[in-house]
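Database features, via TrEMBL:
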- Asp248: active site (ACT_SITE)
- His14, His16, Lys100, Asp248: Zn(2+) 1 binding site (BINDING)
- His16, Leu17, Arg18, Asn42, His137, Leu220, His252, Ala264: substrate binding site (BINDING)
- Lys100, His137, His175: Zn(2+) 2 binding site (BINDING)
- 12-304: domain 'Amidohydrolase-related' (DOMAIN)
- Lys100: N6-carboxylysine (MOD_RES)
Amino acid sequence: MTTELAIIRPDDWHLHLRDGEMLKGVAPESARHFGRAIVMPNLVPPVVTKADAVAYRERILAALPAGSRFQPMMTLYLTEETDAADVAAAFEEKVALAVKLYPAGATTNSQSGVRDLDKVMGVLERMAEIGMTLCVHGEVTDPEVDIFDREAVFIEEVLDPLRQRLPELRVTMEHITTKNGVDYVTGADDNIAASITTHHLMINRNAILAGGIRPHYYCLPVAKRERHRLALRQAAISGDPRFFLGTDSAPHPTDAKESACGCAGIFTAPNTMSCLAHVFEEEGALGQLEGFASRHGADWYGLPVNEETITLTKRDEPVAYPPAVETGAGPVTVFDPMVELYWAVED
Ligand SMILES: NC(=O)N[C@@H](CC(=O)O)C(=O)O
Ligand SMILES: [Zn+2]
Ligand SMILES: [Zn+2]
């Protein structure tokens, strides 16, 4: 039985760090285990321009513990007013790694997102030319479409037509939650990859709704049926380099989630690596964890893998995580995987 596993230091290719007091409280949680993260731009107001990204990056670096080597990789929030030249400059000067497409109204802080793709085609064409990746929150926002179908409908009605129109564009399907998402990636020729969250490997929609409503399992895209969770697990452990970790750790103050209209987002930064080791061991695939968490994302974004390693050890007693992380913006409830975790990252 494996009880010790050394892997290249992992990266988180989809992370929400927020701003202000929340940023100060949560940044150390990601910096502890991860080498780099792609930081989402959905602040209020969003991170739209190169200058916005430079300033936000400084605020993140200032929030890190002294001596931390954690590197935030910035994204620009795509709006219908986004300037293609500014985006290209941000990429070429290595200020921003990717652009983020939020269909307007699809998720937390997406009001400034895109309503009409025609209006951003100029930016997307420029990105295709320079090899800059589009990260996509892949859900339609049409209120007629059932919330559990919004990812599948997005793939058919928005993503596939876009990729046929502009096949040179590199697209990351963020936080896929369905077998449809897995099949779309595996069936495509090139220029597509997908991130998978920690929580979507562990919970299905029953966690949110069966036996009582549990707001801390509510996120977008919402967790789906068990067969979708199983497809995500197969993709994660497959060794296919087009699938990699993006935790989508999305902190909200506990009282904003425990509300009559609770917000979407699950905070997994503190215990993600323990959860993933648990999942990969359950699947008999611990040997694939390094590819998923530490190699495939870096390869996709054309970056070297981290030079350092981390060591996970399997303890005899369950690892204890605090139920919440205290921040200056209030406590943030930590993801409860509903199973004991025995794998811990050694300091
Ligand atoms: N995943 C979520 O449920 N919420 C994210 C937004 C997002 O990634 O869609 C957030 O910013 O809170
Ligand atoms: Zn999203
Ligand atoms: Zn997210």
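Cβ coordinates are placed from backbone N, Cα and C, and glycine is handled just like the others.
Here the features listed in TrEMBL are painted onto the structure.
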{"residue": "His14", "record": "Zn(2+) 1 binding site", "Cβ contacts under 8 Å, 6 or more apart": "Ala37, Ile38, Met40, Cys135, Glu174, His175, Ser195, Thr197, Gly246, Thr247, Asp248"}
{"residue": "His16", "record": "Zn(2+) 1 binding site", "Cβ contacts under 8 Å, 6 or more apart": "Val39, Met40, Asn42, Asp248, Ser249, Ala250, Pro251, Gly265"}
{"residue": "Arg18", "record": "substrate binding site", "Cβ contacts under 8 Å, 6 or more apart": "Val26, Leu43, Pro251, Ala329"}
{"residue": "Lys100", "record": "Zn(2+) 1 binding site", "Cβ contacts under 8 Å, 6 or more apart": "Met40, Pro41, Asn42, Thr75, Leu76, Tyr77, Leu78, Leu134, Cys135, Val136, His137"}
{"residue": "Leu220", "record": "substrate binding site", "Cβ contacts under 8 Å, 6 or more apart": "Ala106, Thr107, Thr108, His137, Glu139, Ala264, Gly265"}
{"residue": "His252", "record": "substrate binding site", "Cβ contacts under 8 Å, 6 or more apart": "Thr108, Cys263, Gly265, Phe267, Val332"}
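Secondary structure from DSSP puts His14 (Zn(2+) 1 binding site) in a beta strand. With a cut-off of under 6 Å between the Cβ and any atom of ligand 2, the binding-site residues His16, Leu17, Arg18 reduce to an empty set. As a whole number, the greatest separation of Cα atoms within the substrate-binding residue list His16, Leu17, Arg18, Asn42, His137, Leu220, His252, Ala264 is 19 Å. By the rule that a residue counts when its Cβ sits under 6 Å from some atom of ligand 1, the binding-site residues Arg18, Lys100, Ala264 yield Ala264.
Report note: the Zn(2+) 1 site is defined by His14, His16, Lys100, Asp248, and the residues of the same chain whose CB lies within 8 Å of the CB centroid of those residues, excluding them, are Leu15, Ile38, Val39, Met40, Asn42, Cys135, Glu174, His175, Gly246, Ala250. DSSP classifies Lys100 (Zn(2+) 1 binding site) as strand under the three-state reduction. Looking only at other Cβ atoms within 10 Å, the busiest spot among the binding-site residues Leu17, Ala264 turns out to be Leu17.
Ligand 3 lies under 6 Å from the Cβ of the following recorded positions, listed in sequence order from Leu17, Asn42, His137, Leu220, Asp248, Ala264: Asp248. Note on the domain 'Amidohydrolase-related' (12-304): mean pLDDT across this stretch is 98.
Listed in sequence order, the residues His14, Met40, Leu101, Tyr102, Thr107, Cys135, Val136, Gly138, Glu174, Asp248 complete the 8 Å Cβ shell around the Zn(2+) 2 site centroid, once Lys100, His137, His175 themselves are left out. Highest local Cβ density among the binding-site residues His137, His175 belongs to His175, counted as other Cβ atoms within 10 Å over all protein chains shown.
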